[in-house]
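Since the structure comes first, as C-alpha cells, the remarks are kept for the end.
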C-alpha cells in the first residue's frame, strides 16, 4: 500500500507517551510559556528532542525526556500538550488512542497529581470534541521512584476513574526495578478496579514478562524479550494477553538489536493478540503511518492484518464496552473498501 492509503486507514493506538510525542510547534509554545529558550530552527530543535537512531540503551533513550520535563509544569501546558497529541493522532485517522503520562514528572512546581490529571483530561476532551476521536488517559508510576510516591499518586487520581482516566502503568527503568519489586503495589492498585498495563520485557528479560502475566495483567508494552521464547509465547497466548508493540522505539533502544530480533512475526504466526504503536512520536521521530509503512516493508503486513491488529487493540483497550462496540463497528466500516480491493 502507498503511504497515502496507509494514512487513510482507521487506526487505534494503546501505547503513546504524552511527553515523548509533542510536536515541534507545541514544544516552542510550551517553552515560551515556561520562559525556557529552545532553538527556533526545526532541525536544531528536533535534534534536541529526538533520540538517536541507535541509542546505547533504554536509559540513553530516556535522557531525551529531560528537555521536555520543565515545559509540562502548569495546567495550561498540560492541556495544550494533551490536545496536541490527540490532534496529531486524529490527523492520521486514529479513531482511538490511550495517552499515558507520569503525574510525578509534572509536580516539580507545586501541582498535585490530581491537578495534573485534570489538566491532561481537559486537553483530551478538547481534542475529542474537535476531531471526533476517542482519547483516554493512563497514569504511570515511575519504577525508579519511591513506591510510596506512586502509591499516593494512584490513590489520589482515582477521582478521575472512568471520567477519562482508564488505567495504570509503570514506566522507566525496568532493568533495575522489575515487576517483582512493584508486585505488592500493583496488586493494591488493581483492587481499586482500574486495569493495569505494564512495560515488560523491554530490557531483554523474559522472566519479567512471566512475572507480569502472573500478576494478571492482560496488556504488556514492548515484550521484545518474548522473541524465541516458545514456552513464554504459549503462556502469553493462554493467558489472553495483548502485546503493545513499538517497532521504531525498540530498534532505537536496542530492545530489539535487529529487525529479525523483533517479535512481531513470531507473535503473529502463533496467533497472539497485538497492537502497533508509536511509543513516543517525537522522541522516536515517528507516527502510526510511518510504523505501518515499516510493517509493510519488513513483514509484508497486509490490510487484513492491520484490521485484525486494530480490532485486537480496541478489544484490549480500557474503553467502556459500549465505546468498544461503536469503535469496532467504525473500524470495520472504514476497512470495507480496502479489504475488497
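Backbone N, Cα and C define each Cβ position, glycine as well.
Swiss-Prot has this to say about the protein:
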BINDING   15, 17, 199, 279  Zn(2+) binding site
BINDING   17, 19, 172  substrate binding site
ACT_SITE  202  active site, proton donor
SITE      222  site 'Important for catalytic activity'
Compare the C-alpha of residue 19 (substrate binding site) with the C-alpha of each of the recorded positions 199, 202, 222, 279, and give the closest one.
279
Which one is it: of the binding-site residues 19, 279, which Cβ has the fewest other Cβ atoms within 10 Å in this structure?
19
Return only the integer: C-alpha distance in Å from residue 222 (site 'Important for catalytic activity') to the residue listed as 'active site, proton donor'.
6
C-alpha of residue 172 (substrate binding site) to C-alpha of residue 279 (Zn(2+) binding site): distance in Å?
13
Whole-number Å distance between the CA of residue 279 (Zn(2+) binding site) and the CA of the residue listed as 'active site, proton donor'?
12
For the recorded substrate site, enumerate neighbouring residues of the same chain (Cβ within 8 Å of the Cβ centroid of 17, 19, 172, site residues themselves excluded), in sequence order.
18, 20, 62, 65, 100, 101, 102, 105, 140, 171, 280
Could you check what DSSP calls residue 279 (Zn(2+) binding site) once collapsed to helix, strand or coil?
strand
Rounded to the nearest angstrom, how far is the Cα of residue 15 (Zn(2+) binding site) from the Cα of residue 202 (active site, proton donor)?
13
Within 8 Å of the Cβ centroid of the Zn(2+) site residues 15, 17, 199, 279, which other residues of the same chain have their Cβ?
16, 20, 100, 171, 221, 222, 244, 246, 249, 277, 280
Taking the Cβ of residue 17 (Zn(2+) binding site) as reference, which residues of that chain separated by at least 6 in sequence fall under 8 Å from it?
99, 100, 101, 171, 279, 280, 283
Look up residue 222 (site 'Important for catalytic activity') in the DSSP assignment and report helix, strand or coil.
strand
So how many other Cβ atoms are close to residue 199 (Zn(2+) binding site), meaning within 10 Å of its Cβ?
27
